[in-house]
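One structure is given here, and the rest of the page talks about it.
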Amino acid sequence: MPAFNRLLPLASLVLIYWVRVCFPVCVEVPSETEAVQGNPMKLRCISCMKREEVEATTVVEWFYRPEGGKDFLIYEYRNGHQEVESPFQGRLQWNGSKDLQDVSITVLNVTLNDSGLYTCNVSREFEFEAHRPFVKTTRLIPLRVTEEAGEDFTSVVSEIMMYILLVFLTLWLFIEMIYCYRKVSKAEEAAQENASDYLAIPSENKENSVVPVEE
C-alpha cells in the first residue's frame, strides 16, 4: 500500500502530461493593453475552434485606429503572412500558431504614437460535404503606450495580500504557542498539587488506605 501511495502522484503527473500532449486545449486569453516605449508588444488574439478536426480556410485581418482617427489595415494573413503598407511596416511580426487558433502579432519597438484601438478579425469558412458555413470573430485591444513601466496593480495587491497572510499566520502561531504553554503549565501544576496532597497524608492513613486483598 505505501508503494501504491508513492506511485499515485507520479501516475497522475504522467496522465496530465499525456492529456496535454495528445489533446491540446485552446483557451481564449485576453491580450495585455499596456506597453512600454521601445519594447516589443504582443497583441494576443485567440479564436478557438470547437471542432479542430474540421478543415477550415482562415483569413486574419489586423486593423489599427489611432485616437480620433479611422480604422486601417496593418496586417493580413491569407494563405500566408502579408504585411501591408502602413506606419507599422517593418515592425510587425507574426506570432500565431500553426493551427491558426492563435493569430497574435507582435509590434516591435513600440512608440507613443502606437497607442490606439487594434482590431483582430478572424474569418473561417468550414469545409463540410453538404455546406460551407462561414464564421467571423472579432477581438478589440485598446493599447496604451507609456514612456516608463508603471507598477502593476495586480502585483501590488498580491504583495499586500502576501504580507497580510504572513502576519496572520505569525499571530496564529504565536497564539497557538501561548495556548500550548498554558496547557502544559496547568498539567504540571495539577501534577504537583496531586503529589503535594499525597505527601501531606499521614503515613498511618496511607497504610489504612491500602485495600486488603481477600484470600
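Cβ coordinates are placed from backbone N, Cα and C, and glycine is handled just like the others.
Under the heading signal peptide, Swiss-Prot lists 1-24. The feature domain 'Ig-like C2-type' is assigned by Swiss-Prot to 25-138, with sequence analysis given as support. Swiss-Prot lists 25-156 with the feature topological domain 'Extracellular'. Annotation comment: Swiss-Prot describes Cys26-Cys48, Cys45-Cys120 as disulfide bond.
Counting every protein chain shown, 15 other Cβ atoms lie within 10 Å of the Cβ of Cys26 (disulfide bond). The average pLDDT computed over the domain 'Ig-like C2-type' (25-138) stands at 88.
For the domain 'Ig-like C2-type' (25-138), the DSSP counts in helix, strand and coil order read 3 helix, 50 strand, 61 coil. For Cys120 (disulfide bond), other Cβ atoms within 10 Å of its Cβ number 23.
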